[in-house]
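Chemist: The following feature annotations were taken from TrEMBL:
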{"type": "TRANSMEM", "residues": "6-34", "note": "transmembrane segment"}
{"type": "TRANSMEM", "residues": "41-60", "note": "transmembrane segment"}
{"type": "TRANSMEM", "residues": "72-91", "note": "transmembrane segment"}
{"type": "TRANSMEM", "residues": "112-129", "note": "transmembrane segment"}
{"type": "TRANSMEM", "residues": "149-173", "note": "transmembrane segment"}
{"type": "TRANSMEM", "residues": "185-203", "note": "transmembrane segment"}
{"type": "TRANSMEM", "residues": "209-228", "note": "transmembrane segment"}
{"type": "TRANSMEM", "residues": "240-258", "note": "transmembrane segment"}
Amino acid sequence: MPELLGYIGALCIGLVLGITGGGGSILTVPILVYVLHLNPLIATAYSLFIVGTTSAFGTISNFKKGLVAPKTALQFAIPSVIGVYLTRKFIIHLLPDVIFYFGSSQLNKATFLMLIFAVVMFLAAYSMLKPAKVVNEKEEKNKNPYMVVIQLFFVGILIGMIGAGGGFLIIPALVQLAKLPIKKAIGTSLLIITINSLIGFLGDVQNSTIDWTFLLTFTSISIVGIIIGLRIQQHINEKLLRKIFGFFVLAMSVLILYKEVFS
């Protein structure tokens, strides 16, 4: 039964990615950890492959529609992909099994990763629910390019830690700094997510034992979901869907925090 629910979840991940252009990846780790009972460290590695491969199919579809800016994607991907790769190859495996002690209790690595994930889910929900910000051209011109590179590097570290695509962090940067229209920013972000996630996964291949049969099956179902999602996208009120999904992600973040802290 948990396996069936997990595969239904895989379909939902693809559907949400296809319909909204992002957000589905934030569901991957909770499904792998709480439904299929995988270790969070393995779940974040699998999530990078699932998210990267599924996003690649979305990128192909958006590229055909002229909604991808490859040059901009590469400029944004380089600093973040370095952060992702270094995190998956070295940093995450250097974390001690017990992060720190407080009294008679302790915070272990698995709980630490899920707490970070819950915080990121909360931020993702906030980004989906808040009104769109009007971009100020003066603010754009005053952006320090070196600070942008540093920010993207740390975005990569965050993606590597939690195994999510990070679209909610990348899309605003593409709109504000690259001055892309929102639809093109979404399409371009999928290409960046593809690059970041798959290269991040490569950093894990030598350090983890991969169940390829399960991983390819789960990913294939997610790809079916994104293909269906892309087809029905034009028939759905995307703004309403993003709000509903935002509240769902918010509720999920609270549940994860409660489960990890109080259970």
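Every residue gets a Cβ built from N, Cα and C, even glycine.
Predicted automatically and left uncurated, TrEMBL annotations should be read as such.
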Chemist: Could you check whether the transmembrane segment (209-228) and the transmembrane segment (41-60) come into contact, where contact means at least 3 Cβ pairs under 8 Å with the two residues of each pair 6 or more apart in sequence?
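Modeler: With 3 or more qualifying Cβ pairs, these stretches touch.
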Chemist: Select the range from 6-34, 72-91, 149-173, 185-203, 240-258 that forms the most Cβ-Cβ pairs under 8 Å with the transmembrane segment (112-129).
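Modeler: Result: 240-258.
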Chemist: Cβ pairs under 8 Å only, please: of the recorded stretches 6-34, 72-91, 185-203, which one is richest in them relative to the transmembrane segment (240-258)?
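Modeler: Against the transmembrane segment (240-258), the leading stretch is 6-34.
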Chemist: Any residues 6+ beyond the ends of the transmembrane segment (149-173) with a Cβ under 8 Å from its own?
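Modeler: 21-23, 25-26, 28-29, 43-48, 51, 55, 76, 79-88, 91-92, 113, 116-117, 120, 123-124, 127-128, 133, 182, 185-186, 189-190, 192-193, 196-197, 200, 203.
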Chemist: Near the transmembrane segment (41-60), which residues from the same chain, at least 6 beyond its ends, have a CB less than 8 A from one of its CBs?
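Modeler: Distal contacts: 10, 13-14, 17-18, 21, 24-25, 28-29, 32-33, 68, 84, 88, 92, 109-110, 113, 159-165, 187, 190-191, 193-198, 200-201, 204, 208, 210, 215, 218-219, 222-223, 225-227, 230.
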